[in-house]
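Working notes for the structure below.
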Amino acid sequence: MPASQPRSRARDRNNVLNRAEFLSLNQPLKGNQENRSSGRKQSGQAGGAGTQSSNPKERRQSQQLPEEDCMQLNPSFKGIAFNSLLAIDICISKRLGVCASTASSWGGARSMINLLGITGHGIPWIAGTLICLVKSSTLAGQEVLMNLLLALLLDITIVAGLQKLAKRKGPYDITPGLLDYLTMDTYAFPAGHASRVAMLSKFFLNHLVLAIPLRILLVLWAFCVGFSRVMIGRHHITDVLSGFVFGYLQFRLVELIWISSNTCQMLISIW
């Protein structure tokens, strides 16, 4: 082994190609490699730019598809919370619909619950307000009754418009009655009876002098009418609660556009 090492070194020295002037022949040219690599990169970039410019729609779709898949696989927190609340609302409303049919647990009390619901219907209240307006002889009474009539008409119009927009069905498939068709109260959201009794109770509490027991009975009547709509299966709980809110907003609207006594007299004389 020690003798072979000096021999290999001697061969390397005697080799002509290992001299300095011939080293460039043994090594590849760096410039050519760099030019070739740069040419390949430029051609690749040009080809990529051509494909990107030629197919921008495909590139957008390829960028959007993973996001859409992620949105479908991972829905937002708001969507999950909203769907969960809707499911809870439907489940509780169906359990509380104890008078939805004669075969229900409280089916025998269905007629009484329907009678309670009629006390919050729009047609009897409009008819009673017109009769009282005709028989009223005082200016203050006519002013209150005229604004009450305006509030009832606004309630029917607003609720019918909102129901046509929402088109939400009740927890049970129950055919609306004749009075419901007359007032266009055919959908569930918002509950027309709930909005009406909320507006009426607030109206009477503000413009009539009532004793405390009557005030308490008036508020209880409003809640009982609203809850009766859930018991017969016509509305969900959220429909009734939203109806109470809309009824209060309708009362505030009537207070803003309150018809004065002189205007009431002019309208009565024309009528």
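The chain as shown is numbered from 1 upward.
Just so you know, glycine gets a Cβ as well, placed from its N, Cα and C.
Checked against TrEMBL, the range among 91-114, 115-138 recorded as transmembrane segment is 115-138. Same-chain neighbours of the transmembrane segment (144-162): 122, 125-126, 129-130, 132-133, 136, 183-185, 189-190, 192, 195-196, 199-200, 203, 207-208, 243, 246-247, 250-251, 253-254, 257-259, 264, 267-268, counting only residues six or more beyond its ends whose CB sits under 8 Å from a CB of the stretch. Mapped onto DSSP classes, the domain 'Phosphatidic acid phosphatase type 2/haloperoxidase' (143-255) shows 84 helix, 0 strand, 29 coil.
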